[in-house]
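Asks: These came from Swiss-Prot, pasted as-is:
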DOMAIN    2-87  domain 'GST N-terminal'
MOD_RES   ALA2  N-acetylalanine
DOMAIN    88-216  domain 'GST C-terminal'
MOD_RES   LYS147  N6-acetyllysine
MOD_RES   LYS212  N6-acetyllysine
REGION    221-268  region 'Disordered'
COMPBIAS  221-254  compositional bias 'Basic and acidic residues'
CROSSLNK  LYS253  SUMO1 cross-link
DOMAIN    276-437  domain 'EF-1-gamma C-terminal'
CROSSLNK  LYS285  SUMO2 cross-link
MOD_RES   LYS401  N6-acetyllysine
MOD_RES   LYS434  N6-malonyllysine
MOD_RES   LYS434  N6-acetyllysine
Amino acid sequence: MAAGTLYTYPENWRAFKALIAAQYSGAQVRVLSAPPHFHFGQTNRTPEFLRKFPAGKVPAFEGDDGFCVFESNAIAYYVSNEELRGSTPEAAAQVVQWVSFADSDIVPPASTWVFPTLGIMHHNKQATENAKEEVRRILGLLDAHLKTRTFLVGERVTLADITVVCTLLWLYKQVLEPSFRQAFPNTNRWFLTCINQPQFRAVLGEVKLCEKMAQFDAKKFAESQPKKDTPRKEKGSREEKQKPQAERKEEKKAAAPAPEEEMDECEQALAAEPKAKDPFAHLPKSTFVLDEFKRKYSNEDTLSVALPYFWEHFDKDGWSLWYSEYRFPEELTQTFMSCNLITGMFQRLDKLRKNAFASVILFGTNNSSSISGVWVFRGQELAFPLSPDWQVDYESYTWRKLDPGSEEAQTLVREYFSWEGAFQHVGKAFNQGKIFK
């Protein structure tokens with residue numbers, strides 16, 4: 001049975017995974033989370049700590065036998081028993097599946113939505129709305145899976161349940177008000193069942209579900225930012241007095257989103273939004289206002305209002321149209337997994353939204369599907385090479401530039417933007433679509 005010390009900071013949801021697992025397995029885990037024994041941001045940067053845990057990340061676990069391991073999922077696995085890990089190869093694979101799903105699909109939108117409400121990340125309206133839709137998709141996926149199941153894998157709690165519950169915890173506490181979560185009764189039932197297990201309660205205490213969706217508080221965010229030392233100024237002109245204030249505003253925009261004591265390094269990376277050079281700054285101004293088209297598209301009828309507006313105002317010199325197809329349709333199996341490919345790409349392209357719009361569609365059924373889309377980009381070239389952050393997915397697609405004046409472009413834009421039409425070039429029925437805006 002594992003025994004050792006867990007280094008973390010207080011109320012770290014990532015550490016909860018290992019602590020709940022230990023409650024089930026009987027592993028003896030001591031927690032060091034506060035001075036003088038452990039000071040996050042200091043202790044974890046000392047040479048002694050880094051010799052044991054080179055990444056300097058928490059949570060980190062040191063066994064009484066000297067064994068050291070970091071990364072919360074690895075620690076939770078180590079302190080678990082066979083029942084939690086999955087007692088058969090199939091069950092173990094499904095546990096890993098849900099643990100991976102929590103990290104790849106739940107953490108990004110949950111962080112984007114929740115962090116601003118806690119004052120540790122600046123609010124971006126479009127990003128938040130996108131995150132809400134992604135959370136809604138995730139809860140729906142879980143709801144369908146749990147319709148005939150008590151737990152995610154098998155008939156007992158496993159690491160799958162522990163991990164996904166902990167990943168959803170702040171969503172349920174901060175933003176999933178009754179009107180939002182009521183559409184997912186099976187997910188809610190499962191979540192409540194888990195958090196009311198004695199082993200969960202021993203770590204989480206009584207979890208109070210959100211009654212009213214928390215909102216971004218600009219004042220709280222400003223107060224949470226690290227205070228910078230500024231040189232003292234002698235009294236001078238009005239411009240000299242105003243300059244430090246302007247500089248402080250810029251520092252707030254570019255600053256890391258929270259003090260080190262509030263987040264681990266992974267969360268700091270998710271929340272940080274450094275001020276960067278605009279990759280499109282070299283392009284001349286355009287008469288086409290993409291945001292206005294997006295408003296038309298979101299709020300008006302696509303065929304009768306949004307598309308006529310698009311073609312009337314589209315600047316073919318300042319913008320370009322592209323058709324894309326996924327290169328490896330033979331690898332597409334379950335349609336929900338194929339949709340995850342699209343959603344994951346959109347998430348990684350989040351900072352491209354101001355200069356792009358797309359409708360990407362999944363056609364076909366399980367084990368016989370394809371993905372293709374129509375994109376609008378600022379400039380005359382593909383935007384992806386302009387930033388390393390945008391280059392993860394695009395090579396998995398073929399790209400063909402469209403002539404805005406051609407009949408083909410008119411047809412593709414109409415069909416893909418409206419999700420209606422024959423789609424004769426595809427040869428498969430429309431399944432579902434995703435909009436990048």
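Cβ coordinates are placed from backbone N, Cα and C, and glycine is handled just like the others.
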Asks: Check the modified residues ALA2, LYS212, LYS401, LYS434 for other C-beta atoms within 10 angstroms of each C-beta and report the one with the most.
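Replies: Most Cβ neighbours within 10 Å: ALA2.
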Asks: Between ALA2 (N-acetylalanine) and LYS212 (N6-acetyllysine), how many Å separate their Cα atoms?
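Replies: Distance between the two Cα atoms comes out at 41 Å.
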Asks: Determine, to the nearest whole angstrom, how far the Cα atom of the residue listed as 'SUMO2 cross-link' is from the Cα atom of LYS401 (N6-acetyllysine).
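Replies: About 21 Å separates the two Cα atoms.
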Asks: Around the residue listed as 'SUMO2 cross-link', how many other C-beta atoms are within 10 angstroms of its C-beta?
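Replies: If we count other Cβ atoms within 10 Å of the residue listed as 'SUMO2 cross-link', we arrive at 6.
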Asks: Any same-chain residues 6+ apart from LYS147 (N6-acetyllysine) with CB under 8 Å of its CB? Would you list them in sequence order, or say none?
Replies: ASN186
Asks: What counts of helix, strand and coil residues does DSSP assign across the domain 'GST C-terminal' (88-216)?
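Replies: Summed by class, the stretch gives 91 helix, 0 strand, 38 coil.
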Asks: To what whole number does the mean pLDDT across the domain 'EF-1-gamma C-terminal' (276-437) round?
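Replies: For the domain 'EF-1-gamma C-terminal' (276-437), the model's average pLDDT rounds to 90.
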Asks: Cα distance, LYS401 (N6-acetyllysine) to LYS212 (N6-acetyllysine), nearest Å?
Replies: 47
Asks: Indicate whether the residue listed as 'SUMO2 cross-link' is helix, strand or coil by DSSP.
Replies: coil
Asks: Could you put numbers on the helix, strand and coil content of the domain 'GST N-terminal' (2-87), residue by residue per DSSP?
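Replies: Tallying H, G and I as helix, E and B as strand, the rest coil: 33 helix, 17 strand, 36 coil.
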Asks: Could you state the CA-to-CA distance between LYS401 (N6-acetyllysine) and LYS434 (N6-malonyllysine) to the nearest Å?
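Replies: Here the two Cα atoms lie 20 Å apart.
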Asks: According to DSSP, collapsed to three classes, what secondary structure does LYS434 (N6-malonyllysine) have?
Replies: strand
